[in-house]
Amino acid sequence: MSSKGSSTDGRTDLANGSLSSSPEEMSGAEEGRETSSGIEVEASDLSLSLTGDDGGPNRTSTESRGTDTESSGEDKDSDSMEDTGHYSINDENRVHDRSEEEEEEEEEEEEEQPRRRVQRKRANRDQDSSDDERALEDWVSSETSALPRPRWQALPALRERELGSSARFVYEACGARVFVQRFRLQHGLEGHTGCVNTLHFNQRGTWLASGSDDLKVVVWDWVRRQPVLDFESGHKSNVFQAKFLPNSGDSTLAMCARDGQVRVAELSATQCCKNTKRVAQHKGASHKLALEPDSPCTFLSAGEDAVVFTIDLRQDRPASKLVVTKEKEKKVGLYTIYVNPANTHQFAVGGRDQFVRIYDQRKIDENENNGVLKKFCPHHLVNSESKANITCLVYSHDGTELLASYNDEDIYLFNSSHSDGAQYVKRYKGHRNNATVKGVNFYGPKSEFVVSGSDCGHIFLWEKSSCQIIQFMEGDKGGVVNCLEPHPHLPVLATSGLDHDVKIWAPTAEASTELTGLKDVIKKNKRERDEDSLHQTDLFDSHMLWFLMHHLRQRRHHRRWREPGVGATDADSDESPSSSDTSDEEEGPDRVQCMPS
C-alpha cells in the first residue's frame with residue numbers, strides 16, 4: 001500500500017510537472033524515483049502514457065494488455081489518478097480564468113464608479129438647476145401677477161370734469177396708472193458729449209437743467225427741444241448734480257461734482273451765465289445736494305468724505321460743517337442726501353453702509369449716537385456679510401415715507417415716522433443696481449409710483465401700494481439708466497444715463513404698453529445679481545488693490561513735492577486746489593457715477 005501511495009505521488013508530480021514551478025515540488029519528485037526502481041519504471045511508463053513521448057500509442061496499448069490482474073488494478077488506479085490530474089488542471093484553469101474575470105470586473109467597476117459619480121453629480125446639478133429655475137419662475141410670476149383694480153377711472157373723471165365737480169382733474173390724472181402705462185418716448189435732447197448724470201426741472205416746469213461728464217451744464221426749453229443756455233460749470237471732473245434753487249427766479253443753479261467742489265452759477269436774464277463760484281469743498285466726491293423747498297439761498301451738500309455741509313449764500317463764508325457721518329467712530333462716505341419737505345429741519349443721508357440715517361439740525365450732538373436721530377435698515381441686511389451701499393434716497397411729497405435704493409439689492413420703502421430700527425414697509429424688485437450710483441424717485445403728485453433705472457438699460461415703474469411693475473421701457477442704449485426726474489405738474493418724465501442725450505417720456509401711446517420681455521429681463525437681472533453675490537471675496541481684492549495704488553500715488557506725489565523747484569501753482573480763488581486725481585483717490589473703488597469721457 002505504501003508503494004502504491006508512492007507511485008501515486010510520483011504520477012501526480014509527473015502529470016503536473018509542466019505546471020509546477022516551485023523548487024520544492026521538483027525535489028520531492030526526485031526522492032520518489034530514488035526509493036524504488038520498479039516504481040520509477042511504472043512512473044516512467046505512466047509518464048509515457050500520459051505525455052506520448054515513446055513514439056506512438058501502439059506500444060503503450062500492448063504493454064497494458066500483457067500485465068497481470070494486480071498491474072491492471074494498478075493501471076485502474078493510475079488511470080483514475082490520471083483522470084484526477086486532468087480535472088485538477090482544468091479546475092486550476094477555471095479558477096485562473098475566474099480570477100482574471102473578477103479582476104477585469106473589478107477594474108471595470110473601478111472605472112465605472114467615477115463615471116457614475118459624475119453622472120450622479122450631473123443629475124443632482126440638473127435637479128438643482130431645474131429647482132432653481134422653477135423657483136425663479138415662481139418668483140417672476142409673483143412679481144408680474146395681475147394688477148389690482150385702478151383707483152382712478154378716466155371716463156368717470158372726464159364726466160365729473162365736464163359737470164364741474166372735479167376741480168383737480170390734472171392733479172389726479174398725473175397720478176393715475178392708466179397714464180403711466182401709456183408712457184412713450186417723445187424726443188431726445190442732444191447737446192452733451194458725455195454721460196448725463198443729473199436732471200432737474202425748475203419750479204414752473206418750463207426749463208430743465210442737465211449736467212454731464214463733459215463738465216458742461218445745459219438749461220433746456222424741453223418742449224421746443226432747444227437749449228436756453230449752456231456754460232462751463234467750473235468743475236474739474238464729472239458734474240454729478242445741478243439744481244435750480246427755489247424762489248430764485250430761475251437765476252441760481254447749485255452744482256456739485258466728482259472733484260468735491262460745490263459751486264453756484266448766477267444766470268442772467270439775457271440767457272447767459274455771469275459766473276460760477278466755489279462755495280464749499282469736500283475732500284471726496286460730492287454726489288448730491290439737498291434743497292430746502294422754499295429757500296432761495298440755503299441748501300445742504302454731502303460728500304464721500306462723510307461730511308454734510310450747510311450752505312447759506314448770504315454769508316461771507318457760505319459753508320459750515322453740519323455733521324460728520326460715523327458708525328462706531330468710523331466715517332461713512334455719503335452718496336445721497338435729502339431734506340424732509342414737511343419738516344425742513346430733518347434730513348436723511350445714505351452711503352457706504354446699509355443704514356438710512358435721519359438727522360435733525362436742531363438736535364445734532366455727535367457725542368450722543370453720533371448725532372443721529374434714528375436709523376432704518378432692512379433687518380436682513382443689518383448683519384449681512386454682503387456689503388450693501390445706499391446709492392440714492394428720497395422723501396415722498398409729504399415727508400411721511402422714505403425710499404432707499406441699495407446697490408445689488410432691492411428698493412425699500414420706510415415710514416419716516418416709525419421709531420429707530422423699524423423694518424421696511426414695502427420692497428420693489430426686478431431691476432439691477434450695480435454698475436453706477438443709480439438714482440430712484442417717486443412719481444406722481446401724491447408719490448403714487450416708484451421709478452428707477454437699471455443696469456440692463458431699462459426704466460422700471462412700480463405701483464407703490466401693490467409693489468407691482470406697471471411700466472417697463474428701454475431707456476438707454478449705452479446700457480445704464482442713472483437719473484429720473486418727474487415733471488412737477490405734468491405727466492412727464494425726463495431720464496438720462498450713459499447715453500449723451502436726455503430723453504422725454506409722456507403718456508401718448510394709444511394703448512397700454514405691452515411688457516414684452518419683462519420676465520426675461522427680470523430673470524437675467526436676478527441671475528447676474530446672484531452670481532455676483534458668490535464672488536464677494538473679489539471685492540476685498542479690489543479694495544486691497546485700490547489701497548496699494550492709492551499708497552503708491554501718495555508716495556509719488558510727496559516725492560514730486562520734495563524735488564527742488566516744484567511747488568504749488570497759483571489758483572483762482574473760485575477754483576478747487578485739488579485735481580481730478582486727488583478726487584479719484586478720495587473717492588475710492590466702490591462706486592462711480594460714470595466713467596470719465
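Note that Cβ sites are derived from N, Cα and C of the backbone, with glycine treated the same way.
Copied from Swiss-Prot, the annotated features are:
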type     : residues : note
REGION   : 1-147    : region 'Disordered'
MOTIF    : 39-50    : motif 'Nuclear export signal'
COMPBIAS : 65-99    : compositional bias 'Basic and acidic residues'
MOTIF    : 114-122  : motif 'Nuclear localization signal'
COMPBIAS : 124-137  : compositional bias 'Basic and acidic residues'
REPEAT   : 234-275  : repeat 'WD 2'
REPEAT   : 329-369  : repeat 'WD 4'
REPEAT   : 385-424  : repeat 'WD 5'
REPEAT   : 476-515  : repeat 'WD 7'
REGION   : 558-597  : region 'Disordered'
#### Entry: Secondary structure composition of the repeat 'WD 7' (476-515) [DSSP: H/G/I, E/B, coil]
0 helix, 17 strand, 23 coil
### Task
Could you tell me what the rest of the chain brings near the repeat 'WD 7' (476-515), counting residues at least six beyond its ends with Cβ under 8 Å?
144, 170, 173-174, 178-201, 203-205, 208, 210, 212, 220, 222, 435-444, 451-459, 469, 593-594
### Task
Helix, strand, coil: count each for the residues of the repeat 'WD 4' (329-369), based on DSSP.
1 helix, 19 strand, 21 coil
### Query
In the repeat 'WD 2' (234-275), how many residues does DSSP call helix, how many strand, and how many coil?
0 helix, 22 strand, 20 coil
### Message
Can you break down the repeat 'WD 5' (385-424) into helix, strand and coil residue counts using DSSP?
### Response
0 helix, 17 strand, 23 coil
